[in-house]
């Protein structure tokens with residue numbers, strides 16, 4: 001297909017584009033954000049300040065950004081991919097030099113009206129550049145080694161910069177997200193099998209080396225890994241967070257303790273209760289029903305994205321939509337696993353629910369791209 | 001705007017397949033999350049609910065009021081007084097330094113103390129109060145109350161602290177309390193949670209320590225909801241504790257106070273006991289100390305003054321001091337002789353002033369000898385040779401046996417600290433303890449209460465009471481616990497021939513009522529109150545042959561530590577015994593000159609239940625006694641007017 005095959009006549013234009021938005025997806029996003037407002041209101045002790053109101057304003061701003069991005073044709077975004085990617089790399093480097101230090105890591109740049117976390121932005125720009133790359137690459141070259149190395153380098157550059165901050169969680173998400181895009185683009189199975197196998201082999205070797213003459217890591221590094229993998233080893237440090245989170249989650253029961261009745265969060269036992277651990281408050285106050293509902297909403301968002309991508313015959317649009325869906329999935333899957341004690345504690349927020357400006361805006365912008373792809377799909 | 005697109009059919013197919021695989025994996029993982037959620041929130045909900053509850057709810061102890069102690073007439077001996085302390089809460093104070101300097105201008109606070117408060121404030125959570133001053137007098141509390149508006153965050157808190165209104169009178173009996181120490185906690189196997197409350201007062205010595213469990217009571221508890229740093233959010237419920245049990249002692253404080261005053265100036269001990277039921281009316285050790293000092297935390301200099309005093313004020317000599325009973329032991333030997341049938345009351349021994357046994361010469365206190373002595377004469381004049389002879393015929397086993405029946409050599413069960421068991425020696429004991437064989441000289445020494453024989457004043461009083469009644473009188477110190485009368489050990493008969501007992505009592509009567517008696521000068525004139533007693537003078541050193549040759553020096557010439565102990569035991573009235581008294585004056589000299597007058601005064605005081613009239617005393621002593629009574633009245637601390645009568 002060429003551009004000429006696009007049926008420009010049937011392509012919505014002007015204000016009519018609003019009618020062609022993926023409205024169910026917007027409703028789903030609003031519902032998820034609504035959960036966030038409720039929980040932020042609750043953890044502030046029944047008050048709109050300091051979190052819920054600010055979060056609402058950001059969500060509205062996010063919606064505006066999403067609409068704006070959605071109105072712009074997807075091919076324009078494809079052409080801007082390289083610029084966006086390079087821009088986010090520059091910002092990452094800027095963090096390196098001018099970034100403020102928060103929670104022991106350099107993560108954001110103060111723009112005056114908001115704090116920008118370039119690592120959040122990178123999650124999306126990386127997906128964009130990879131989608132654009134595979135859109136441009138002839139299909140028969142997809143699995144050729146040289147053409148596989150290029151996207152790998154594209155992934156590793158921002159990953160390295162993020163790791164230096166240091167932000168292990170985001171770095172892992174970038175790698176997995178990038179890998180997922182490569183997988184979707186049709187890179188040969190063998191590469192993934194090889195990477196996974198060698199990864200497992202390295203990890204096994206490191207652990208097997210413990211206590212032998214050829215030990216690959218220092219003892220204290222092993223101890224750090226131990227704590228990372230099993231926080232219960234350190235009940236007052238990292239373990240305290242995860243223990244309290246599990247208690248809050250588990251004590252919710254079927255229907256929860258009721259709105260604003262969660263003792264764990266109200267009495268401050270929960271750490272980071274308005275950001276990374278907000279899911280525990282939800283689970284404590286609304287129980288399994290509430291937590292499962294949120295998970296259901298997330299699942300629907302993923303499914304709507306997948307169906308939108310599959311219906312789209314534009315390669316860039318499809319890969320981008322699926323990549324964003326996967327990134328979104330990784331956010332909440334890692335966050336939920338973390339608070340449920342299934343994964344080590346890495347700082348990953350619950351998308352659209354956790355308090356935080358950068359993540360919210362970047363996600364809404366990403367869904368703007370999804371909307372743009374949806375509106376401007378070839379018909 | 002050229003837009004080449006590479007979306008071939010093949011590419012589309014691959015991507016759809018892979019998108020479905022990836023989507024499937026994602027949905028699968030979400031299913032896993034949902035299952036985990038269900039497991040935690042439904043299957044294990046109870047467990048986590050419990051944990052959340054434990055998190056949220058804190059138990060705060062309410063210390064119970066300690067049981068109070070009263071004398072037999074309901075006079076307070078140990079009470080709980082309100083104690084004020086000044087606390088400061090950083091959160092409410094704002095500018096801590098200003099507040100502290102204002103406080104310093106109002107109440108007595110030295111800079112060192114202030115420094116401690118500052119560091120403590122920095123360490124503590126801002127919402128928790130820090131004690132600035134403890135045991136603050138009421139006058140300073142009022143100053144703070146008046147200036148309250150200028151002192152935000154400063155709160156006077158009222159608590160209870162132990163106080164002993166009778167001061168030093170019963171220090172040795174009741175003991176004292178003090179803050180729980182690590183050492184205390186080590187000794188206790190499963191310490192009560194209460195003991196971990198800072199500054200919690202625990203019985204350290206005496207009744208306070210021995211009856212700690214009764215006095216302490218049960219902690220109450222408040223269940224409070226706390227947040228993650230332990231700040232109290234609200235009280236959920238409250239269970240009141242149980243106050244400690246009040247004790248009533250058998251001690252008569254009025255008498256105790258008199259005895260304490262009478263012993264003042266000596267290193268001495270005295271016991272007054274009701275022979276009819278074993279009630280201990282006075283247990284006195286002199287000098288004494290103020291237990292209130294220990295409650296507040298005694299200063300180093302005060303403590304050193306107490307420990308370095310050669311009169312040993314901290315020792316409860318009445319129960320833990322053990323002395324050779326000297327001649328007061330002769331009743332034991334006499335009764336043993338009568339019971340064994342070795343002597344009759346009128347059988348005599350001849351006293352030439354000394355007796356040579358196994359090549360060693362044992363002297364009678366009277367160098368010229370007593371001549372022929374029968375039982376009554378030997379006790380009255382305290383002839384030593386009579387008892388040497390009698391003991392040689394009896395053997396040590398019969399003497400020891402009698403001593404035990406009369407209450408010597410066994411630890412008496414009293415709720416006081418370090419109650420001594422004394423010693424009634426046997427051959428087996430010497431072999432074991434000394435690794436030496438018993439020699440005949442040991443028996444001779446034991447006959448006059450010297451050598452290895454040791455007894456506490458308490459045991460001597462018990463011995464006297466048993467002789468006076470013929471019953472196994474057992475002392476009782478606690479009259480009531482929580483208003484419940486404690487069992488009186490009426491005492492079975494000790495199984496001695498009443499006739500023999502009567503002979504010994506008669507002899508004791510003549511000690512203080514016969515002109516020749518060793519305690520005649522300390523007799524009681526009042527017909528119906530006459531006492532029967534026995535003097536004792538126990539050596540604390542061996543008189544060397546050289547000394548004897550140079551002529552025995554009188555006690556007054558010797559340094560205090562080497563003078564004889566003076567002892568006296570008595571019961572009264574002779575016709576109808578009510579009380580038994582034992583007095584020991586350490587290094588006091590002779591029993592008849594030093595101990596007997598004290599015992600007589602105490603006896604009269606006890607029988608009258610107050611100051612006796614002068615006509616109870618011998619005529620020529622009355623002027624002196626009047627002076628003495630006046631002096632003692634002045635000396636004795638004013639009796640407490642406040643009397644919480646609970647008896």
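Cβ coordinates are placed from backbone N, Cα and C, and glycine is handled just like the others.
Copied from TrEMBL, the annotated features are:
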type     : residues  : note
TRANSMEM : A:20-44   : transmembrane segment
TRANSMEM : A:56-76   : transmembrane segment
TRANSMEM : A:82-101  : transmembrane segment
TRANSMEM : A:145-163 : transmembrane segment
TRANSMEM : A:170-191 : transmembrane segment
TRANSMEM : A:286-307 : transmembrane segment
TRANSMEM : A:319-346 : transmembrane segment
TRANSMEM : A:352-370 : transmembrane segment
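Within its own chain, the transmembrane segment (A:56-76) has Cβ neighbours under 8 Å at 3, 17-18, 21, 26, 30, 33, 36-37, 314, 316-317, 320, 352, 357, 360-361, 363-365, 367-369, 371-377, counting only residues six or more beyond its boundaries. Here the transmembrane segment (A:20-44) does not lie next to the transmembrane segment (A:145-163) in space: the count of CB pairs under 8 Å, restricted to residues six or more apart, is fewer than 3. Tertiary proximity for the transmembrane segment (A:82-101) is limited to same-chain residues at least six positions away from its ends with a CB under 8 Å from its CB atoms, namely 107-110, 115-116, 118-119, 121-122, 124-126, 128-129, 132, 154, 157-158, 161-162, 164-165. Long-range contacts of the transmembrane segment (A:286-307) within the same chain: residues 22, 24-25, 28-29, 31-32, 35, 249, 252-257, 259, 279, 321-322, 324-325, 328-329, 332, 336, 351, 353, 370, each at least 6 residues beyond the stretch ends and with a Cβ under 8 Å from a Cβ of the stretch. Listed by sequence, the residues of this chain that lie at least six past the ends of the transmembrane segment (A:319-346) yet keep a Cβ under 8 A from its Cβ atoms are 74, 77, 123-124, 127-128, 130-131, 134-135, 168-169, 172-173, 176-177, 180-181, 184-185, 228-229, 231, 238, 241-242, 245-246, 249, 276-277, 279-280, 295, 298, 301-302, 305-306, 308-309, 312, 354, 363, 366-367, 369-370, 373-374.
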